[in-house]
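Colleague: To start, I am sharing the structure in question, which I have written as structure tokens.
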């Protein structure tokens, strides 16, 4: 069991019973937008002693390539309007579900879609580098390894493939159960994935050494490796949360029943030092958890956000849920995005709602800009928005998609936003802000 003293922020947090929210105790600022257009493979595991979990020294690489401006074309469909994008990648023939940028240089993207295809392409001009071929189901997960040398893709059926980027050759593949999520280890060539049978898998790539972490008999719906690289937090469909020791293969903490969520987990995030975990669920709650003690130290749920968990089967419902969340790196703030279009900014030091920013349609994902208090959102109306979390003010927005945005990624220097959409396109937006 881990005993790191990394719960500084959580140690002074008031007990759970003092954290209930009441409308008359909060000051809420609502910003209205103007209407606008494995089996447990014991033999293979062997404690994976040769996996180096120590942090590698990051190389500062840069690659300044010229932008190729895309001509403005007529936009058709229900989301007519200007196209603010610099580059459009249009090789997908169906909805594009996922995007990831290479972490070393931020010059390459990988996208996966409903057309059973995944592509690695260049951000500067949209040029295709290679296709990640061989999938027979929608590609819902894609990402680069920590050093950008490998790229992994995963489809809904559970087929995972890994390519070496420089040679464009497939170096590993595996068929797991129906895939829920996939993530690279932050410091080693190790791939993790959660499947519908409740297992979390961990492979060393490309030799395939494997461990499994067996959860409850329900899907492992989301997961994240903690920054120390030694633990992972996994959320499940039954509302439980497990913090796993990746070396020992055993759970350090299990949150269930009243400690867990009352509905399936949808998302999970950690703060910069890994001392705090934030989990979101279809029960409309975001729970703040100490990674050291495994205790819930805060529960966030805006009074204006209402879910309908007891709707019977077959009944129509405008149900709400937490779709995305994350921590600010420079202030004690957390952001939670809801399916009803609410972006809630919480002050972690006082555990109160600081701002509430309303979108016209559901939030799909949010990302904090590193080193600032700016949070980016993408939503079902096809628009990317930038918010100042200190004031709750909308800074700017970017348009160009003719359907909902399904995923997006932000470059390390926050100069580029890359989006994927139901309009079969991926787009690159150049972020220009007068405040920096």
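Just so you know, glycine gets a Cβ as well, placed from its N, Cα and C.
A TrEMBL annotation is a machine prediction, not a hand-curated record.
TrEMBL lists these features:
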- 40-64: compositional bias 'Acidic residues' (COMPBIAS)
- 1-65: region 'Disordered' (REGION)
- 89-131: repeat 'WD' (REPEAT)
- 132-173: repeat 'WD' (REPEAT)
- 227-254: repeat 'WD' (REPEAT)
- 356-397: repeat 'WD' (REPEAT)
- 398-436: repeat 'WD' (REPEAT)
Colleague: When you look at the repeat 'WD' (132-173) alongside the repeat 'WD' (398-436), do they share 3+ Cβ pairs under 8 Å, ignoring any pair fewer than 6 residues apart in sequence?
Modeller: no
Colleague: Which residues of the same chain, at least 6 past either end of the repeat 'WD' (227-254), have a Cβ under 8 Å from a Cβ in it?
Modeller: 1-2, 4, 6, 45, 47-48, 53, 55, 185-188, 192, 194, 198, 200, 202, 211-213, 215-216, 218-221, 260-268, 270, 272-274, 277, 279, 281, 283, 287, 289, 291, 293-294
Colleague: Please give the average pLDDT for the repeat 'WD' (132-173) in this predicted model.
Modeller: 98
